[in-house]
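J.: Handing you this structure, nothing more for now.
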Amino acid sequence: SGIEGGVHTGASHDVNYGHWASRDLMHTYLGLIVVVHLVLIAEASGSPKPCEKDCFSGKCINGSCVCDHGWVGDQCQHCQGRFKLTEPSGSLTDGPINYKYKTKCTWLIEGYPNAVLRLRFNHFATECSWDHMYIYDGDSVFSPMVAVFSGLVVPDSVGNETVPEVVTTSGYALLHFFSDAAYNLTGFNIAYSINSCPNNCSGHGRCSTANSMSGRMYCECEDYWKGEACHVPYCRQDCGSPGRGYCDLTGEKLCVCNDSWQGPDCSLPIPSTEAFWVVPSVKPSPQSLGRASHQALVHSGLMWVVGGYSFNYSYYHMVINYNLETSTWEAVAGGSGPLPRYGHSLALHQGDIHMFGGKLEGGPSNVTDELWVFNILQRTWSLRQPAPPPPHAQEGHSAHLVELASGEPVMLVFFGYSPIYSYISKVQEYNLRSNSWQVVSTGGAVVQGGYGHSSVYDRASGYVFLHGGYKSLSSSKYGLVDHLYRYHVHSRTWLILRESGQARYLHSAVLVSGTMLVFGGNTHNDTSLSNGAKCFSADFLAYDIACDSWKVLPRPGLHRDANRFGHSAVVKNGSVFIFGGFSGLLLNDLLAYTPPSCLAWADADACATAGPGVRCHWVKGQCVPWEPHLAADVVCPPPKSTDEQCFRFSDCASCTANTWLCQWCEDRKCMSASSNCTVVNTSRCSQKEEQECSRSANCRSCLLNLNCQWDQQQQECHVLPGQLCGEDWQHIGEVCLRINSSRDSYDNAQHYCKNLGGNIASLITEKQVDFVLEELHKYHLQGKTLSPWVGLRKINVSYWGWEDSTAFTNTSLRWLPREPSDSGFCASLERAHAAGLKANPCTAPTDGLICEKPSLRSRSCRTPCARRSSCANCTSQGMECMWCSSTQRCVDSSAYVVSFPYGQCLEWQTQDCAAQNCSGLRTCGDCLGQVECGWCRDPSDTGRGVCMEGSYRGPLKQLTRAGPRDRDKERPGDRGMVLDQTMCAADRGFSWSFIQCPACQCNGHSRCVNSSVCEQCGNLTAGTHCQTCMPGYYGDPTNGGKCNACKCNNHANMCAVNTGKCFCTTKGIKGEQCQLCDSENRYLGNPLRGTCYYNLLIDYQFTFSLLQDDDHHYTAINFMATPEQANKNLDMSINASNNFNLNITWSLSSTAGTISGEEMPIVARSNIKEHRDSFSCEKFNFRHHHNITFYVYVSNFSWPIKIQIAFSQHNSIMDLVQFFVTFFSCFLSLLLVAAVVWKVKQTCWASRRREQLMRERQQMASRPFASVSMLIEVGGDQEELLQFLPKPIAIEPCWGSRASVLTVLLYLPRLPSGIPPPGQSGMAIASALADTTQQRALELKDRGLKHRKHYTGHHQGTCV
């Protein structure tokens, strides 16, 4: 406005000023607009490319996700690394989707010293028994372990809000998750908080710090709630006061019932028809430290608990007892007793507890066969030394003390697992008086043993009932079963009972009132078949012995989950007491179950139908518990069976020894008794060898039976056939030998033996040599002198070896005088004047050959996995064994689950063994990939350092144990590691890394630019982190390592970077340093002094296809050929798909190429694709130079290439007789071929005709069906009908509408009275194929053009 005012009022200079000012302002505006436009263009052109998917734990940079530390994946959606959490509360997760295969993630939660950290599992779903979350109370895996979670960890019911909560008290918590390469589930979400109340007081109290000396939070519970988290209700319904009981508020805050009432709230009368569960008010104590896979029994009112698995053995007691009357625990001093173990068995006899077998968690001999006896009165242990000793060292078995019919007390041991003999299906018997073991010979059904079953013994009937377990199902298949067997002690026979339908192992079973009660266990089978079954089950099943039937009982109605496996169960006064077990945490609680009492039923009818969970019968006006020996007093519903249920029994004994009402038929099938078949007499149903063999789960258990053999390929045990070798073979030692008198070359002899399933014999034992010499002597007596080929070949100039890769030692067989000759590369056995070996050319024929093949009855088995002490040895047989690095143990792949039932293995390998301790890891990345390791960086800050066992605070060192027994008790979580920061002292320039590696990682070969980029790699290294050697060098340059030049004897320029194995450039040269010729494929020579040649045969064309990836290093190949006929020229031709250089030489010795100066050049050409030549027999004097040899050198070609080469000797003019023979042979051959072709043509034509007729019939039969309603007038005039043309009732047009099938009604002849004959209708339907072209034209004409529709002549019809 000021400018406008100036223009309007002022003088000329004001007007001029306003004009120029407006121009300047306009230029300014335009400049600003241009600048803004350029800025916008620059921003548009430089705007980052968006990512197609969201980045969960990272940033989007140029269209791809750059992950934060510890996260991987295209969306940074998977954890893979270490994390540190320091907030007072938070959460941790594996990612938003299913975790990936081979996941290793570690979280360190850091609070303040001695703070209480609480972990709450809001969601947890991993593969049961394979993918584990480990939790430690400290800052390393050497801290005490407090929990191991796997599988589905969710509340057992909707109304039960007890989500698992784990507590650490050191101020730290380390969580480590590992998953294998099989299934990946939804993972986990775990919330944590520091110094908070347990489980938020369960909503029944308030969090407070009052009256707490340590300042920790605790819960003040509301009325009628108690426990650390206010999660235990008490005195519900005021205990029915005053009539049934009262609430004791002074002590444990529980109901005290009157004499005639029982139950947690005194609501059930005594006796009662209802069952109930209670948790006895027992305070956990060090004596009752949580344990699993222990064993328990009752004696004199005390429950004795022996052994068991524990996370920490520092406060462990081998024997503890619980007073069932006073609810108190007592620890028994160990003294010089056995080492801690689990998976053992207990049996009680007259105050002595017999403990057999089990697994020693520490020590090298993992599974033991020790038999210890604990005297309850004196409370002392003694070790028995039986003679003979027990057949197997085993675990996961069960044992019962029984009395035989003779009154002899014996301990029967059922099934189990042995690391040497796999899953055991036998019954072992220990005689207490003779102190001896034996394997029981059983009858009846064929049963399959396993690990972790449950068993109960009824003394009155002499029956042992065995249920469930983890077993070998078939070839290479293992898993849970719900098998139920009954063993009769006196007759030693098996009976197969009905299954529960719910497989499990490591469960418990007790016998109460004629019912076997089964509780808990691991119910997770193969993940693909488990249908969400939990690792830790609270299932409660009842097996009615009288009626052979199962019932599912209600799960414990307690205030928290009772899921567990590996627990124990005993019976006292009709009540069941369950102790300990494993549910992610090792449990030390006690559950008590009181079943219904038979005395509560007052009449006979109600008594007979009592249950479920109890079996009663009426005796003398009273309802009492039923016993198995009273089976005749029980009325059960009639059993049902089907053929499908019986088909699974594949042998006669099992078919007739079960409760499914099956019968064995003559066609070797098991069918239901209701099916019709010719039944075999049951007296002939005895256990045969094939059933005995089929129960063996591995090679060693199979070969224990002399009538069985192990099939290594199928991994199955079969009955040994009568003939071990086959016809015309002789069984000599572990092999079968066969001598043939035919005359052949070595190569043809080898092909002959391979066609028979064997190879040329390697005579490496004196027994084999003696047999062969004796057989040759028999041929000599018959007038035949044989010199057969044996499997001995020249590997190089001075080394001979057998075909089975065994070195020739010149002991069992010796060379004849002046042998081996230089011209011979294969050996034959001569027995003219003296037995010995002779070297012959491999192409020369000789009389006879000797073949060998392995015997069917091979007594050798591979070394058991349990006896392999290193990772490399353990994993050398593929997937057969698995190596656990954290426990330094090798286990059978079929028994991984039973070898580590409580997640003891932090990580396993089946190949690619890494360093077995931290000191063997050379880079920081590899070091922090192992959860037990940390990295100490040296002062150079070039990436060099030392990997060592450690924690977040620093390195750890091993404490020296006092004695070997202390070392045997070591555990991965109890290894006596102490902090020693002087091992990586900061005052000397070292720095400790535990969560994340230092930025500079140049392996000591360079310094870093911008703190993380290697400036220039030195010391012959290359790579972004100077982690590899330059081309032509090999070694491990990581962490300051050196690179060395490749050593290849001038036959290679490159070698493998890690191993130094040379990539030989000449085909036929092999070896780590190109020092050998490939003699197995006809390459001869000495690469140490020359090269290797392929020995060509005359009058054959050879094609060499160097097309595979393994051939891309080859740039040369050499050939040699020796004329076979002295009077014929030697023609040579060679061609290739790529250009090459060619050199041809000749020599008077076949050993040329090993000594310089022996060869004389003939041809030298370069950059060619083919060449032909002829060598005159006169010029080179073939007649006098018998050993003349021609050498062809093909070099400087590129990969891939195909080379064809041939040497030939033939006449220039064909013989007349040979011409006519050849002509007529070809003519007859062509005639025969023509006849065969004509016959084939006739056969094909007939086949096509039959197919065409079949198609026509099918198309005729596929005509559409329709219904037509016809109104027939009664009594029409036949003469009148004949006057009209018949009109069809249906027209079915064919393809093209040129013909139709017409359907008409026919009026059949009738009786004179006009009535059809009896049984006839008088009408019939007839069809005819008619030409409709004229008819359609008339119809169209009659209907007119206005009614005409477009007609398509070609459509799918119904006839041809």
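The backbone N, Cα and C atoms fix where each Cβ goes, glycine too.
As annotated by TrEMBL, signal peptide applies to 1-46. Among the features that TrEMBL reports, domain 'CUB' is placed at 79-195. The domain 'EGF-like' annotation in TrEMBL covers 193-231. Here TrEMBL flags Cys197-Cys207, Cys221-Cys230, Cys1017-Cys1026, Cys1029-Cys1043 as disulfide bond. Among the features that TrEMBL reports, domain 'C-type lectin' is placed at 732-852. The annotation domain 'Laminin EGF-like' is assigned in TrEMBL to 1000-1045. If you look up TrEMBL, you'll see 1216-1240 marked as transmembrane segment.
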J.: Where's the emptiest Cβ shell within 10 Å among the disulfide-bonded residues Cys197, Cys207, Cys230, Cys1017, Cys1029?
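T.: Selected from the disulfide-bonded residues Cys197, Cys207, Cys230, Cys1017, Cys1029 on minimum Cβ neighbours within 10 Å: Cys207.
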J.: Compute the average pLDDT of the predicted model within the domain 'CUB' (79-195).
T.: 88
J.: Going by C-alpha distance, which of the disulfide-bonded residues Cys197, Cys207, Cys230 is nearest to Cys1017 (disulfide bond)?
T.: Cys197
J.: Return only the integer: C-alpha distance in Å from Cys1043 (disulfide bond) to Cys197 (disulfide bond).
T.: 59
J.: Determine, to the nearest whole angstrom, how far the Cα atom of Cys1029 (disulfide bond) is from the Cα atom of Cys197 (disulfide bond).
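T.: Answer for this pair: 57 Å between alpha carbons.
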J.: Could you count the residues of the domain 'EGF-like' (193-231) that DSSP puts in helix, in strand and in coil?
T.: 6 helix, 12 strand, 21 coil
J.: Taking every protein chain shown into account, which of the disulfide-bonded residues Cys1026, Cys1043 has the largest tally of Cβ atoms within 10 Å of its Cβ?
T.: Cys1026
J.: Please list, in sequence order, the residues in the chain of Cys221 (disulfide bond) that are at least six apart in sequence and whose C-beta is under 8 Å away from its C-beta.
T.: Cys201, His204, Gly205, Gly227, Cys230
J.: Looking only at the domain 'C-type lectin' (732-852), what are its DSSP counts of helix, strand and coil residues?
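T.: Once the DSSP states are binned, the domain 'C-type lectin' (732-852) shows 26 helix, 46 strand, 49 coil.
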J.: I'm trying to understand the geometry here, so how far is the Cα atom of Cys207 (disulfide bond) from the Cα atom of Cys1026 (disulfide bond), in Å to the nearest whole number?
T.: 57
J.: Compute the C-alpha separation of Cys197 (disulfide bond) from Cys1026 (disulfide bond), stating it in Å without decimals.
T.: 52
J.: Sort the residues of the domain 'Laminin EGF-like' (1000-1045) into helix, strand and coil with DSSP and give the three counts.
T.: 3 helix, 14 strand, 29 coil
